[in-house]
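Quick look at what TrEMBL lists:
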type     : residues       : note
DOMAIN   : 62-252         : domain 'Succinylglutamate desuccinylase/Aspartoacylase catalytic'
BINDING  : H70, E73, H165 : Zn(2+) binding site
ACT_SITE : E229           : active site
DOMAIN   : 269-341        : domain 'AstE/AspA barrel-sandwich hybrid'
Amino acid sequence: MTAHQNLFDNSSDWLDHTLTNASSSLPASATRLTDGASITRSTVGVLELHPSPGRPNPNNEALIVSAGVHGNETAPIEVLNGLVNELLNGDWELACPLLLIMGNPPAMVAGERFLEANMNRLFHGAHNKPEYRELPEAARARQIEALCREFSATHSGKLSHYDLHTAIRPSRREKFALYPFVAGRQVEASQCDFLLEAQVDTLLLQHKAGTTFSSFTSSVLGAESFTVELGKVQPFGQNDLTRFTGIRDALRRRFRGAAAPMPKAPFADMTVFEVVHEILNTGKSFQFHVPDDVANFTEYAPGTVIWEDGATCYRVGDIPEAIVFPNRDVPVGQRVGLMIRARKAVSGA
Ligand SMILES: O=C(O)CCC(=O)N[C@@H](CCC(=O)O)C(=O)O
Ligand SMILES: [Zn+2]
């Protein structure tokens, strides 16, 4: 039996197996590659990979890479699946521990962002809130948190997490990363270099901790974590994967333990924004004045009214602000968008 068959039964690959078994709870299954590396499918859509024992881990690191936390954001899922196929084909050898996650398999099958609740609002303990705790997406977030805790506890190297997404709207900046807020923390220059290597040239600094997957891994596990937006949402099979070679090649380089390309001066080519305001749906009287089809990073002049609800009215401050992730169609209390501002000093975040 091949390594492939051990892990994925009769399915053609990891993605096929995950879609076929999206709602099943299968027992774990493991295999060993010819170089001695091991791969365990811990549960549907989750692979834990270890290099051959004794093999050097030159970058002294462990990585969590996730995609499909939103089921309709398919390009990063295809990228991750392609890298797993390369490894199983013996195209390259693994040098560092990896936890690879397809976040929400039932939503992937349905081609939807989520089925009952937005899973990327259910991390950092939010899955235990009474209104969510019985939902399948809360159970999946809880299971993923437990697998990440276990993975992080067993690896001493530096832990990074890249949660890969694509955006609903068009974007004036196609690829950008969000850096979750952790008090007193600054983006490491090496992370900035990695993002640039992946052709992600815009960084957005969050202003408070949230309930996203990357916020959980950074706040609770101390990982260097990013939500990475890589393009626009498309159904499976309709992605132009030539637009995703930057992230594919940069991840493969890390998985193989190869050295980073020549580092640039930190932030030299990175445009940095900071979040100045999180727009929340405040309820019945909430009015959002940003049109439905506006692109991410569309700028608004000082004084523009962005939203109001009778009690509060949010206007752009003295410096222009741009909108990211405008989406009025969210439950009360959830994020309708982020107002961001270019950061003045770019000598360090
Ligand atoms: O395009 C959109 O409106 C959403 C794209 C997306 O899923 N973005 C993430 C960002 C998470 C973060 O703030 O780190 C999300 O909304 O969950
Ligand atoms: Zn997403």
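Heads up, the Cβ atoms here are built off N, Cα and C, so glycines get one too.
Note: TrEMBL annotation is automatic and uncurated.
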For H165 (Zn(2+) binding site), nearby residues of its own chain (Cβ under 8 Å, 6 or more apart in sequence):
A67, V69, H70, E73, P76, T227, V228, E229, L230
Count the residues of the domain 'AstE/AspA barrel-sandwich hybrid' (269-341) that DSSP assigns to helix (H, G, I), to strand (E, B) and to coil, and report the three numbers in that order.
0 helix, 34 strand, 39 coil
What other residues of the same chain, not counting H70, E73, H165, have a CB atom within 8 A of the CB centroid of the Zn(2+) site?
A67, G68, V69, G71, N72, P76, R113, N120, L164, T166, A167, V233
Of E73, H165, E229, the recorded positions listed, which put a C-beta under 6 Å from ligand 2? Please answer none if none do.
E73, H165
